[in-house]
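**Student:** As annotated in Swiss-Prot:
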ACT_SITE  ASP28  active site, nucleophile
ACT_SITE  ASP30  active site, proton donor/acceptor
BINDING   ASP28, ASP30, ASP214  Mg(2+) binding site
BINDING   ASP30, GLY78, ARG81, SER156, ASN158  beta-D-glucose 6-phosphate binding site
MOD_RES   ASP28  4-aspartylphosphate
Amino acid sequence: MANWDHPTSKVRSTVLGLPEQVRACLFDLDGVLTDTASVHAKAWQTMFDTYLYQRAKHTGENFVPFDPTADYRQYVDGKKREDGVRSFLGSRGITLPEGSADNSGDVETIYGLGNRKDDLFRQVLKEHGIEVFDGSRRYLEAITYAGLGVAVVSSSTNTRDVLKITGLDRFVQQQVDGITLREEHIAGKPAPDSYLRGAQLLDVAPDAAAVFEDALSGVQAGLSGHFGFVVGINRTGRVDQAEELRRIGANVVVTDLAELL
């Protein structure tokens, strides 16, 4: 562990695992700072399987369940809810009306299914709480002490609540979340727009900011936004996932942010 008595650019680059020019860090939330990616995957699985099962009964088609690993990672991870619903259903050749953001969860529209998933996610959070990765908390403490800007950039509409419940809000200077994306009409990941907005709020150029992501769509956003550094987080430790994160744009891949300290 480094001596933090006099944080400098050299300390930032050598101890925080970042290039010297980086002045701000933009973090995804689920799977990067908090152990909520598995909760999201379970909520997506429950919502989609219920819908697909009922659809199969009605149409006579075979019921093929949602894969909480492969389908989650390929179609919904890191994306706005409506984009995730649209992407996965499209992979099954299913088209639904768009509906509107105020559709209740029992309405079979793109927004309705997305809201049903959000209801399930909130229920799990209420019953089981939220865990913060210890290495992520330590890394946030270190970069805060070093004077780097911190923003959370997430597609989740629950971001503010999660940050407050976990106490991570004390590290975060700015946030761009699912509510921001909807209100400001910002394109979701893999478009870089949400991360570009985060950098703008911290008043730094993209090439002076690092992006921290576990989702393929988020790493793609970091690459296409021309950010100074992209850190891929591979919680599974699987070699193929690490290689995929590198292939699509991660400069470095770690299993835990503490590896950068």
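Glycine too: its Cβ is placed from the backbone N, Cα and C atoms.
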**Student:** Starting from ASP214 (Mg(2+) binding site), work out which of the recorded positions listed here (ASP28, GLY78, SER156) have their Cα within 10 Å, and give them in sequence order.
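**Tutor:** Correct set: ASP28, GLY78.
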**Student:** Would you kindly give the Cα-Cα distance separating the residue listed as 'active site, nucleophile' and GLY78 (beta-D-glucose 6-phosphate binding site), rounded to the nearest Å?
**Tutor:** 8
**Student:** How many Å separate the Cα atoms of SER156 (beta-D-glucose 6-phosphate binding site) and ASP30 (active site, proton donor/acceptor)?
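**Tutor:** Taking the Cα atoms only, SER156 (beta-D-glucose 6-phosphate binding site) lies 8 Å from ASP30 (active site, proton donor/acceptor).
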**Student:** Does DSSP put GLY78 (beta-D-glucose 6-phosphate binding site) in a helix, in a strand, or in coil?
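**Tutor:** DSSP assigns GLY78 (beta-D-glucose 6-phosphate binding site) to coil.
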**Student:** Just jot down the residues in the same chain as the residue listed as 'active site, nucleophile', at least 6 apart in sequence, with C-beta under 8 A of its C-beta; none if empty.
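**Tutor:** The residue listed as 'active site, nucleophile' has long-range Cβ partners GLY78, VAL152, VAL153, SER154, PHE212, GLU213, ASP214, ALA215, GLY218.
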**Student:** Let's check the environment of GLY78 (beta-D-glucose 6-phosphate binding site): how many other CB atoms sit within 10 Å of its CB?
**Tutor:** 31
**Student:** Counting every protein chain present, what is the number of Cβ atoms, excluding its own, within 10 Å of the Cβ of ARG81 (beta-D-glucose 6-phosphate binding site)?
**Tutor:** 27
**Student:** Tell me which residues of the chain lie with their Cβ under 8 angstroms from that of ASP30 (active site, proton donor/acceptor), as long as they are six or more apart in sequence?
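**Tutor:** The answer is THR36, ALA37, VAL39, HIS40, SER154, SER156, ASP214.
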